[in-house]
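The block underneath contains the structure these notes are about, expressed in structure tokens.
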Amino acid sequence: ALAVPPAVDHFHWQTPTKMSSLLSRQPLMRGGAAGRPVAAKPALPLRLVKTNVVSPMKTPLLSMPKPAPFVPVKPVESKPSVVAQAAAGGGATPEPKKEGTFLGYSSLTWQKIIPLGLMFFCILFNYTILRDTKDVLVVTAPGSGAEIIPFLKTWVNLPMAIAFTVGYAKLANVVSTEALFYVCVIPFIIFFGCFAAIMYPMQEQLHPTEFCKDLLLTAGERFAGPIAILRNWTYCLFYVMAELWGSVVVSVCFWGFANQITTVEEAEGFYPLFGLGANVALIFSGQAVKYFSMVRANLPPGVDGWGVSLKGMMGMVVIGGILICGLYWALQRFVVPKLPGLRESKKKKKAKMSVGESFAFLAASPYIRDLATLVVAYGISINLVEVTWKSKLKSQFPNPNEYSAFMGNFSTATGIVTFSMMILAKQIFARFGWGVAALVTPSMLLVTGLIFFALVLGSDILAPTLAGWGLTPLYAAVLVGAAQNIFSKGSKYALFDPCKEMAYIPLDDEVKVKGKAAIDVICNPLGKSGGALIQQFMIIGFGSLAASTPYLGAILMVIVLMWIRAAASLNIQFTAAKAKADAERLNPSSDSGDSM
């Protein structure tokens, strides 16, 4: 009784067929409706046979635990755990909780875009004031005129731009990105404040007026341009610093920083749009310039109107510069640390290239060459039309107050047109892509430029028709030239600049920094200087700017066609570089090289 007997009785149904072994495995009993055992009914004639089966169990019965009674338990439905989901998915980590979005963009994106838009507003506000002021200072200075601009851009602005680029490339290897931004921006703020407070009030002591008068009598009128630069050297220095503000602060510092913290997808959606708020700065700054022009006109005799207006306008420039640095500081402290991709890229240390190696590396890249062609072609094209237009503008408005008031209205109109074009820019990017957007500006400049040159050449023929409209040929040329500049610059701000900056995003970090410095700081003034050199050769060869006008129109057409060809080539390279950058972002374990 203490052990299992070596054999137990076993009953099974035996069939005369070969299915007996299978049927023996069928249950002998099944539960009825009331829980009572009910004999199963075999489908074939069966007979009950008693057999002995040897049990394999040899252990004592008392040593085995008594089985617990069966208690039916209702299954409880429960969601699988996160670990179980990860295990079921092949070991994939669970997706993190999605961040809240607004208008389809995450809060981190808005934390980047809003301060960048405010920075761009302040930078462009300052640039508009500086651009209008530098033209008035230089063009209306004693012994000067619009003819001084080609000499300034060629022999003063371009060398200073090259010197800055060399120094910038060296500093980029030594200091951090944040320190490099402050080193570039703060000297501009100090200079413009000192110009209004110190340099302009002391112009009589600083300008060698009598020496230059004697030098002009000795050298002759052929050297009037270079002598005028020496005679009004503080004005010319202001002109160059204002030009460099557009190249250094706008292109290198701001756009370089924006390209570092922005993806291509964000750029396509926001680069045209946050410029909308920035170009409101054109409207406000244009009206500010006009307001100070009216202040100068209403001052009593004996009061230096320019001194009063310069202090007011440069005060706004200094305040704008402080706001720019403050916004950049806030982005570096509160937004950049949240960008893991940027932190990882900072950890990757690459061999630093010298200045010569940097330029050789950039020159060997077709991508950078096409970008440089775009910038140089724009500079040449806009300069070929702009200098001729400003010479007409000075003839129409010889008084500095009237000249400055017209430039204020010009800047306001540029802001309104740019604002409207930026609304269309996002649709152009979304429907037609980067390639079509890059072709709008050269097409616009070519059409409006040819119309302007045609009006200048046919002024005598069109004089009776213009008189019927109440216009003189000179004033009509001023208005058409202004419209050409407004639409060309509007398309530049709305489409050309975003296209150019998007092209930097897929590139390597070092190429972004040094490539932008080489292109935006050197190629931008190089394009303007190239246009100035063309005009200087035309003036020397044909005797005057007016006589060379038809040839300038033909040169404009050739330059714009080269621009269009480079834009088409860059579109192919940009598409490939963007696809490569997207693949590397999706597969970060792969070794990423230069996306060029």
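Including glycine, each Cβ sits where the backbone N, Cα and C put it.
Checking TrEMBL for transmembrane segment across the ranges 270-292, 362-384, 500-522 points to 270-292. Counting Cβ pairs closer than 8 Å to the transmembrane segment (180-200), the top stretch among 113-130, 237-258, 312-331, 403-425 is 312-331.
Residues 128, 131-133, 135-136, 139-140, 272-273, 275-276, 279-294, 296, 393-394, 397, 437, 482, 485-487, 489-491, 493-495, 498 of the same chain sit 6 or more residues outside the transmembrane segment (403-425) yet have a Cβ under 8 Å from a Cβ within it. Contact between the transmembrane segment (312-331) and the transmembrane segment (461-483) does not hold: fewer than three of their C-beta pairs are under 8 Å, each pair 6 or more apart in sequence.
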